[in-house]
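Below: the structure, in structure tokens.
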Amino acid sequence: MAQPKRFQINAKHYFLSFPKCSLSKEEALEQLLQLQTPTNKKYIKICRELHEDGQPHLHMLIQFEGKFNCKNNRFFDLVSPTRSAHFHPNIQGAKSSSDVKSYIDKDGDVLEWGTFQIDGRSARGGQQTANDAYAKAINAGSKSEALDVIKELAPRDYILHFHNINSNLDRVFQVPPAPYVSPFLSSSFDQVPDELEHWVSENVMDAAARPWRPVSIVIEGDSRTGKTMWARSLGPHNYLCGHLDLSQKVYSNNAWYNVIDDVDPHYLKHFKEFMGSQRDWQSNTKYGKPIQIKGGIPTIFLCNPGPQSSFKEYLDEEKNQTLKNWAIKNAIFVTIHQPLFTNTNQDPTPHRQEETSEA
């Protein structure tokens, strides 16, 4: 007579199902953690569900650091802490931890311990699995959640194509720049020259009312005169200080105008595109794809006097005569000699803003 087959499972990941188990997830986890095994436990996930007959069931995924050769079919038995009852599971080696994890997630009443170990395998296999992974990523609530899904379900793509995946998810989960809230109303700037007020009335407005080619403005003046705070109080805008970042995280194509603050005109990229309110232009990035700029909005250039800041001095350089002739047709130039506000109408301009810009 053939000997009965001995129980033995040699696996790194185990899938346990406890039918009619009244233990809570926390009680089950506490007992599992007390089990002595030759290899360390890395991750445990427990799901509690109620079947149609109302009986509670527990499903568990256990991941070990190395393979665990289990020869005792009672090894994972659990006991009730309040009554004389044992709970015996169905024990299987988990061919795909990702599939088991997804399966026991279905009811939502779960408890996790440790860090999930990605195995990169799926019982479903093939192209369908890759499609499922990316579909799940698209349906995730955020970029970080989508990256976690791809890392778990498509680890090869995650490693080999991370740059493209990361860039594409920036577009899929594009978050518009947080709107700037000015600490001062534009009306609190009571010393604004008439030519600035007139320029605002003619050029700063939403797309429906805006001129097809608005005129930009260059405002030059000493530090702490309120140029930056005034310029930022006029409406929805893009604020670019020190250097130009046209990424979607910073730059919005729905802004009414741009503010370029404290950028040396000698090194100002896209000088004509900004000053000329040009439409539909591209900006090449060093490590990414070109960025499409909708344009058609005016720009406020803020600067201080001096050879490394003043737009007037820059355009007066002999080599820039042609550019100067173009600039005076596309922008007005205003020099201010006193603050745009009085102390009775607002406190001195915040130091934090001025520390980042000498404008």
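Note: Cβ is positioned from N, Cα and C throughout, glycine not excepted.
Values in this document were obtained by computation on a predicted structure and should not be read as measured data.
Features of the protein shown, as given by Swiss-Prot:
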type	residues	note
DOMAIN	8-116	domain 'CRESS-DNA virus Rep endonuclease'
MOTIF	15-19	motif 'RCR-1'
BINDING	Glu49, His57, His59, Asp107	divalent metal cation binding site
MOTIF	103-106	motif 'RCR-3'
REGION	143-153	region 'Binding to RBR1'
REGION	156-176	region 'Oligomerization'
BINDING	Gly221, Asp222, Ser223, Arg224, Thr225, Gly226, Lys227, Thr228	ATP binding site
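With helix defined as DSSP H, G or I and strand as E or B, the region 'Binding to RBR1' (143-153) counts 11 helix, 0 strand, 0 coil. The binding-site residues in question are Gly221, Gly226, and the one with the fewest Cβ neighbours inside 10 Å is Gly221. With respect to their backbone Cα atoms, Lys227 (ATP binding site) and Asp107 (divalent metal cation binding site) stand 57 Å from each other. For the binding-site residues Arg224, Lys227, the largest tally of other C-beta atoms within 10 A is found at Lys227. Per Cα geometry, Asp107 is the residue among the binding-site residues Glu49, His57, His59, Asp107 nearest to Ser223 (ATP binding site). One residue stands out among the binding-site residues His57, His59 for having the most other Cβ atoms within 10 Å of its Cβ: His59. Among the binding-site residues listed (Asp222, Arg224, Thr225, Gly226), Gly226 has its Cα nearest to the Cα of Asp107 (divalent metal cation binding site). Counting every protein chain shown, 14 other Cβ atoms lie within 10 Å of the Cβ of Ser223 (ATP binding site). With all protein chains in the displayed structure included, the most crowded Cβ environment within 10 Å among the binding-site residues Thr225, Thr228 is that of Thr228. Of Gly221, Asp222, Thr225, Thr228, all annotated as binding-site residues, the residue with the shortest Cα distance to Glu49 (divalent metal cation binding site) is Thr228. Other Cβ atoms within 10 Å of the Cβ of Glu49 (divalent metal cation binding site), summed over all protein chains shown, number 15. Look at Thr228 (ATP binding site): DSSP puts it in a helix.
For Asp222 (ATP binding site), the same-chain residues that are 6 or more apart in sequence and have a Cβ closer than 8 Å to its Cβ are Asn304, Pro305.
Looking only at the binding-site residues Gly221, Arg224, Gly226, Thr228, the one with its C-alpha closest to His57 (divalent metal cation binding site) is Thr228.
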